[in-house]
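Novice: The transmembrane segment annotation in Swiss-Prot covers 1-21, 39-59, 64-84, 94-114, 124-144, 170-190, 196-216, 226-246, 252-272, 285-305.
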């Protein structure tokens, strides 16, 4: 059954949530026709939670730079897959997975190879690999596709092109991330804080690093169509950075990360729809979500700094 008019048509910001939650609690989301707004909320929320799980460990391990490199260099693998499959937009999940995993492993191996063979600092080898692979991907994208629209979708995604079939893959990625993080939680935490102590306990540090790399690539694959390979970096890192400001334990940090990421995922589609309804302007849903995450970070940073300043002033007064 395909409805002619979306119940979200012409709604305001608050009305969007009234419509969505009424459809959710009435069960229509499970057996009725899913509209693009329903799909965007579901997919963005799953992406936010999935990326928040991995992002917590990336922030703790100070792998933000590596995540940045992978989110850019993975474009090289996607362009190569486009060339072999002759599919520029409708890539299969298998092709995306192969591209993401192979490029992630290639990036990590290249960084270690340059660092160990040429005896340069890890930051220098990371910057070199990033520059080479990302520039190569852009050159291939420009000279072989000559299609700016395709390039835009690869970079920032296209939330309006999401379909019902995109829900299952991202939930599979979410379950994989949650399952592996639960099984190896203590190892991830131990390696994140003290690699020497983790090694003394018999934890295989390299294996843990590769597991995190695989979770990272899986998260980027899940987020590719909705937010692109570059916007996914914000979903991976910003919620974790926000949570780190206020959390007192790793568990709290992961929960707060999911909360802030989930809030951005819920608000962005509603904000995009309301702006379209009121002003007739279509804005990128993924761009709005990233903008909201940045606003959350600035607000929490100001709040934490103000709280610390007040506490310091109270101590000085005593």
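Cβ from N, Cα, C; glycine included.
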Novice: Which sequence-distant residues neighbour the transmembrane segment (124-144)? Criterion: at least 6 residues beyond either end, Cβ under 8 Å.
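Specialist: For the transmembrane segment (124-144), the list is 65-66, 68-69, 72-73, 75-76, 78-80, 83, 103, 106-107, 110-112, 114-115, 118, 150-151, 154.
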Novice: For the transmembrane segment (1-21), which stretch among 170-190, 196-216, 226-246, 252-272 has the most Cβ pairs under 8 A?
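Specialist: Checked against 170-190, 196-216, 226-246, 252-272; highest Cβ contact count belongs to 252-272.
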Novice: Take the transmembrane segment (196-216) and find every residue of the same chain, 6 or more past its ends, with a Cβ under 8 Å from one of its Cβ atoms.
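Specialist: Distal contacts: 53-54, 57-58, 61, 63, 67, 70, 101, 104-105, 108, 176-177, 180-181, 184, 187-188, 190, 236.
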Novice: Find the member of 39-59, 64-84, 252-272 that has more C-beta pairs under 8 Å to the transmembrane segment (170-190) than any other listed stretch.
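Specialist: Going through each listed stretch, the top one turns out to be 39-59.
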